[in-house]
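Participant: Before anything else, here's the structure in question.
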């Protein structure tokens, strides 16, 4: 076991030394890999920055329940207990008709407005904060709440929230699509790189096979080569996106200021960076594995 | 006496219909030293390739130190080869690495401890008289030295079976005798040795069994 680890450590080190010794040979592959990674990453960062900003903007969409004028204390208590127990409601607040009227007076600078009215025309209201942000679910909730006894209407301005949500959703889909397509490209690029290496070292592989090397022994240096390439490409892609964030942010900030908004393109978090490195290393190793499985079989003896 | 190699009605047909071995049965005991004789094309190389699992028999069974090679999966064949030392007519050396590293390769494959391995490599090089050239590149060695390097690589992991395919084919007689003496010394420490050659005069001095092949069958 100790020896097995030692052998792997040796292969890993030798593979890295080989890459560092011929930086220009590996540079082209590395560049291709890192651009393939940087594209979906930048899109991901853009979308998640927009989402972050949108989340701050809407804070949380609220549904307002207006009660009928004839609603009594008991009806209010019934609605209030339903809202308390509802699994998809995070919180709610009650705005009574008297409070609503005094708010109106204050806000519009019309003190004494209520004195002129014989009856308070404003209804009691509940302001509900749902747990979900998803438009379809919000709509369902709105319908459900408007069906409660003595509730006149449940108001919710869904249209613009829906549009924003749709856009963010589309961006997410695009990120997934680009990520998957360029992930496949990453596998293919390493596949090709390893194929070339195997063909270049044909004699060596043949001799190793003749004197009893199992496929795992022959494959090992290629796997480590791919792993390092994946990791380096991941780091380079991180560098590219960081550069994008740093150079683009002042312009974005200036543009957003025109609309009195604070929008910022964010960089990768440490956890995200680790995930990106792991994925790119794994995809590169997958490419190496596929290439070696295919091409080692073609070298005699089998 | 245990059997190292056992052929039971072995036939090897290459794609295209050429029958290299025809219904061959024989055994070689553990610790024996045997010669394979015959003209080129008689089937000597094919026979050795079957023993090493480089080729598979078309029919019949090849049993090497108790393992029926026809029944092994191809992923298990490498582990059989790790117990065999092979000397090739064309040496099959790696020219991008030193003499020392060439001999190190089999130990790397088996997963030998690095420090013990270096000692083993030097012992093997000493045995074939190349210790002073351990840092040289194989391309700078003479033909005879390259053959001896190939032998050092074949024995460094102390295999129980040593196969040599025409080891002295391209060497002058003095060199060839040298190499035969080397094989004899391995045989004396218990290694089973099978050597093929087309020049029988070299074998006859040793008084060992000679398996004569002609067109894939035993010659009369």
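Glycine is no exception: its Cβ is also placed from the backbone N, Cα and C atoms.
Annotations in TrEMBL come from automatic prediction, not curation.
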Participant: Which range is it, out of A:253-272, A:273-292, that shows up in TrEMBL as transmembrane segment?
Facilitator: A:273-292
Participant: Under TrEMBL, which of the candidate ranges A:174-194, A:195-215 is annotated transmembrane segment?
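Facilitator: Among A:174-194, A:195-215, the range TrEMBL annotates as transmembrane segment is A:174-194.
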Participant: For which of the residue intervals A:142-162, A:226-246 does TrEMBL record transmembrane segment?
Facilitator: A:226-246
Participant: Between A:27-47, A:48-68, I'd like to know which one TrEMBL lists as transmembrane segment.
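Facilitator: My reading of TrEMBL: the transmembrane segment range is A:27-47.
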Participant: At a C-beta cut-off of under 8 Å, are there same-chain residues at least 6 beyond the transmembrane segment (A:174-194) that contact it? List them, or none.
Facilitator: 29, 32-33, 36-37, 39-40, 43-44, 47, 222, 225-226, 229-230, 233, 279-280, 283-288, 290-292
Participant: Can you give the mean pLDDT for the domain 'ABC3 transporter permease C-terminal' (A:178-289), rounded to a whole number?
Facilitator: 90
